[in-house]
């Protein structure tokens, strides 16, 4: 021992306060270097033996760190050896232990250089073995550091100082990097610990819990998300790259739990059922267990202020031994332990919220499947959509608020007690200020809750109106109602913004109180403490500052917690009210656990009754059970329908035909009587329900594919020709609601679905009205009366004469009553037959048709019936329609600039300036406190210090107020302008945009994305700006108070930069995937709302529920991956901050324990540094988290901006027409060619014709002949490719589209009434008198029915649900006549009315429309027989033109063939 340590072999020096030089160099230093060398050489040998080299691109900072620092340190070590040799040569005393230490240091750095050469250098930063060695080395180096600092005083060479600093800083840096992530830098594919088989490669069908495959360390550090993040920095993420869901997060298991609890809750409490109670029964125990973790986490939070107090007092008083080191390490370890506890609590709480979210979404969707249309009428569609998009999220936020409700008071109590131990009762002054603010905050919270509830109601109205607009956008454009609906939406938006503004400015006051309370608290407490004669010292001041920060956050958060609880309770009550609504009663749904395995079951009583359907004294209503007014639509119906019969239901418009069919499937509310049906039911509604998907999917609707039956159904429904013309056949994509199909094709597709399901009872609601006479004849013979349905019970609501007299029985209805029931032969003798006879027909002709129930004309469709005009190119547009586009990479700077422009640049400058000055005054306040405790020697200058402190407090308060209100104003301004721009650009988009984008996707922009712009983006952006300036101020103060902090600032920045780059690359893509995954949920939900009656009739709830659960599961995957990635970052940032605290505390301890040149700080500055280092945990995490969250929320702005930038219709015309145009109504097509896509064949091919003013012209042709394309071209819904269209000699291409459409009148094929009064629907611009309106209603045969229900001021429900389809068509005709345009276009406007009414309407049109040019598209030949001229279209070409009578005289004319085929 004397050889190595001659003269000083002791472990401790003489005074016992520090290690001896020999022990420090030989044991601590030499051991640390040996460990580093052995680990590095071992890694080098392992790397050399694995021949798996791979080129990886590194950034400049990585190369500098990897190649420069080890080599530089090795050179310095070599230089150190040279210096020792020089000293020895000069005869100076060189200790052997110095030689051993310097040699070992040289060997260690050379070993690291070898590792660099081998290419394995970066594994040092994440290899677990290397991580262990580096931690061990640094633990040994920490006490060695104290000894080296003493030597710095006597250092004779600058080289020694630089060598030591480089080695120490680099060692700390590598250790921190290794501990914080092991993956802060991208893992290479040739990592020696990389598994041979990736974890994500599982056997097909394997459903093991992925969480169980991870080690405890991976779960604690969230390392299992590394593979996803590795992919995220190399390419765009896809859904297949995301984390697999743990079993407890799978949507089916989540839904299973909550449904069971809700079912029990509803059975026990019925109308008083509470969703919150059901949630508690399902997940209450899990939630309570989280409370234990939160107690532990909160308790650890109070250890740091106590340790800080002890540490500063130790520095003030001085202490021998290791007490300072122990306290310093304790401060760092406390922060690190709290980091793990906090991340685990957040992880488990967020997982619980994800479980609840999927559960609530599931039961909302399930309820949608269960509610009959009558019961659902108590809620608007917009309100139900809000349940899914907003209320579900707000309800689960209760998870945060409930634990905070008890945790925050507990934290407050402990903090107050600890303050009392420091400043006695002086803290009561600060507490008084805070207590005074509690009722203020409570009042603000109450007002915010009220404003939020009102805002949500207005949001419901706006979304409902927007959904109505999007669902009928084609009609809105043809009416030129864009301005009308813009005004309606703006009016609703203004009401919403009014309450949003109230909330924003109240929020601003909350922000102000939250930000200024710590300053006011400290000012009042220290003032009272000093005035009462107590001396302020560093330990007291900075312990109190730490406790203030601990106390103020709970005090200010408590009103927000209460507000969150109120919001959650309001939303949960809304959901409970919805979920408690009585369900569809036609057949019950099995709500057992079996249902949760993706399938709904029905209970069906099997009987041998020969009757298929039996009504016994049934009266029913379309109103829900919550409405006192019954509004009975069917009265005292008694009817027995035999199995296997074909029953035709006839009657005038509004007689109750559709209500009768809907009563069979349980969609109406039965007031009295009973209904029974035998067997399964297939239902085809009057307005066919078409899914967004392939044509085959629409037919199968979840059933297995049977090729033979499928082909039979296709043939029977005359779809084979349509399919053969499609690019991808029956796999072609059908747009939402069948927008790329004609009305006839939609009807036949819905019919094919019914036939394929092979049910016992078939209900057809006027399906023949949508097709031409030949197609109607064909599907009547081959489908309705074909061999597949010959033995089935069929009910057909119709006005088609062939069908009526081919039926076994006829039911006549009028005013909700059954007026007559019997055979077709008996029907001829009744007065009711007059409503079904065509004009000039005789009973003899009817009798002939009665004898033969089959159609007279052989049903053979020629292959020239091509797809309808509006069919888009399936092959090329399929992906674009089905998959939502998403951008890649970071959010572009231009998006931020656009948002700033919406906010206003002057407001942006004001926000940043006030935030900067606010933080500056806050830091100045704390530095002044430090100066006070370090320089004050008595109480004689207390007043001076207090005045300056008060000035800082007042300045901080003023700038905080300015920042809060400028932010509220800017966010509100942006919300208003963004909505206005988005609405204007969506409503002005061409019709093809709506064909290619489902309304749910567009509605997502107007709801979820706009909600982010309104609320979450300004909220998170406000926090981000505050965190940015707080972090900047903190770093400045730390650098000022502890100069040593500058030594780690560069390594800290490199680690921080690498972490944020690694995280942000993934988080952006995951958020985009999250937005994309959310859209199908709303699209599917909207589709289900539209087709719920069809789904229930087909007993297909299970298929659609499983489909929805798949969408939710995908959404869960994106949210789960996003959660784990964010916690991955949060934990590493908190650990980084913990190491900063450890470093500062160690530097302070070493400084006070050494009498060296390096004197880092006074006790006041140490206290200031540590009190600022502690919040770095939250500031670093908060800054990057809020920056990332801001970027994520900016994706909503990006998505909105994407729609703001969509192509627009040509709103400006080059030649404005005269105000009175058109004066004559002369229409001329000159060689018009129209294509819907460049790849598609022309829908109109070189069509030319002239319609003189005042003529009434009928346009006929088979399905897909191009009839609707004539109107599309005339109204410029689709631009023509060639030719031109003239009206009164003016080229329509030169007229602004809205002005053009505003001068024409139209009755669309799909009648549209919007939510509002009937007067508004008939005369939306209020230009007609009531007398004129009543006159037109009388001529349209609707006056009596309107008077009976309340007159012109009655409220029309959403989409005109108050009226039948036929009544809607008549009201739309009345609206068109009221417009008094010179050009009137009628698209099948009498398709859904009876023959007698249709004949009367033709007389009305002839009388009311004298002098008007009328274009009529019709399937009924009787509709066009009295027209002045006929246009016959075929395959997009005009094949025949002339007077109807003249064409009839030519037996071989196309028109004559159509007449013959119509069986007239």
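Just so it is clear, glycine is given a Cβ too, placed from its N, Cα and C backbone atoms.
Of the candidate ranges 2-22, 65-85, TrEMBL annotates residues 65-85 with the feature transmembrane segment. Among the ranges 121-140, 141-160, the one that TrEMBL lists as transmembrane segment is 121-140. Checking the ranges 414-438, 439-463, 464-488 against TrEMBL, the transmembrane segment annotation falls on 414-438. It is 1035-1056, from the ranges 969-990, 991-1012, 1013-1034, 1035-1056, that TrEMBL records as transmembrane segment.
Across 509-532, 538-562, 899-918, 1035-1056, stretch 509-532 shows the highest tally of CB pairs under 8 A with the transmembrane segment (944-965). For the domain 'ABC transporter' (613-840), the neighbouring stretch richest in Cβ pairs under 8 Å, chosen from 292-567, 909-1192, 1227-1460, is 1227-1460. Looking just at the domain 'ABC transporter' (613-840), the mean pLDDT is 86.
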